[in-house]
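Asker: First the structure, then my questions, so here it is.
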Amino acid sequence: FDPDNTGYISTEKFRSLLQRHGSELDPHKLEVLLALADSNSEGRICYQDFVNLMSNKRSNSFRQAILQGNRRLCSKALLEETGLSLSQRLIRHVAYETLPREIDRKWYYDSYTCCPPPWFMITITIVEVAFFLYNGVVLDRFVLQVTHPLYLKNALLYHPQLRAQAWRYLTYIFMHAGIEHLGLNVVLQLLVGVPLEMVHGAVRISFVYVAGVVAGSLAVSVADMTAPVVGSSGGVYALVSAHLANIVMNWSGMKCQFKLLRMAVALICMSFEFGRAVWLRFHPSAYPPCPHPSFMAHLGGVMVGITLGVIILRNYEQRLQDQTLWWIFVSIYLIFVLFAIFWNIFAYSLLDLKLPPPP
């Protein structure tokens, strides 16, 4: 079937072989096999893809197709579907923005019901905006709130002198340095987080987000020990970096429009927000001797995104507990958390640091 020994056969050739030698299979299952074989919609399949498809390396999509073989899976690409309503076009757009394989895009498009809706990212955004507005009214300041002398007295932000209050390692996300800080974080987490939650569900996305938040505050407590922390950048950067890394790793399979431009815009926004955080950290403090908030939380979020986040986004249908790499990265994350906890207990006294006074 490959007389030129190229290592590939055309999709149409594969279709004719399936119809000739697999006539006992349901026609819908044949379409599923065809879509699985041509996972990147390149119009051809290689020998190794064929071997994986027919061996014990079959994907979860294959097993799902066998169990639910009555689901109609058209042979043409999802982008070629016409006559769709506005909501159907939105779902198709989300599928092409987040999933690299055509078979997964079709499964998602066929099964998505918007029940439940992407409630986690929407809820966390509303709460963050509400806390910011409340603080703005109390402090009578909406730009660079962090420069107000009463800002550090809030019970939500992380302060090195109050690191024993464990809730601060998480609740600091509800405090932002100013409207420019909040605005960039909200825009990024809505534009990236909501579509990801629509595809991967609230459990997976909330795990990446919260893991990035905790890693951010712990990274500050280890690498920038005298600084406070505010903002949701740790969670936002975890989601965005995971999404961008997933696009890069599956570049040929991602069919989203203007993907290079979108990546450039996301990187520019992240760089601008990170640069603002670095500038603020080294800007003369409005309430010496306590410095302005640290920027290390951004880096902690990025590290979570390109490890745990990539694994979660790459495995759209597969169960995470079946993935070896998932357990490796979870173990690394837990080791880091334990290390940071012991560091917070012992290192501050052993290093005899001069910490800023409690607020």
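Cβ from N, Cα, C; glycine included.
Positions annotated as active site, nucleophile by TrEMBL: Ser233. Taken from TrEMBL, the feature active site applies to His298. According to TrEMBL, the feature domain 'EF-hand' maps to 1-24. The transmembrane segment annotation in TrEMBL covers 119-139, 205-223, 260-282, 294-313, 325-351.
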Asker: Would you mind splitting the domain 'EF-hand' (1-24) into helix, strand and coil residue counts from DSSP?
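Answerer: Helix, strand, coil within the domain 'EF-hand' (1-24): 11 helix, 3 strand, 10 coil.
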Asker: Near Ser233 (active site, nucleophile), how many other Cβ atoms are within 10 Å of its Cβ?
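Answerer: Excluding its own Cβ, Ser233 (active site, nucleophile) sees 33 Cβ atoms within 10 Å.
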Asker: Round to a whole number and give the Cα-to-Cα distance in Å for the pair His298 (active site) and the residue listed as 'active site, nucleophile'.
Answerer: 6
Asker: Near His298 (active site), how many other Cβ atoms are within 10 Å of its Cβ?
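Answerer: So the number of other Cβ atoms within 10 Å of His298 (active site) is 24.
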Asker: For the transmembrane segment (205-223) and the transmembrane segment (119-139), decide whether they are in contact, meaning at least 3 CB pairs lie under 8 A, counting pairs 6 or more apart in sequence.
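Answerer: Contact between the transmembrane segment (119-139) and the transmembrane segment (205-223): present, because at least 3 Cβ pairs are under 8 Å.
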Asker: In terms of Cβ proximity under 8 Å, which residues at least six beyond the ends of the transmembrane segment (260-282) contact it?
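Answerer: Same-chain contacts beyond the ends: 146, 177, 180-181, 184-185, 187-188, 192, 224, 227, 231, 233, 237, 240, 244, 247-248, 291-295, 298.
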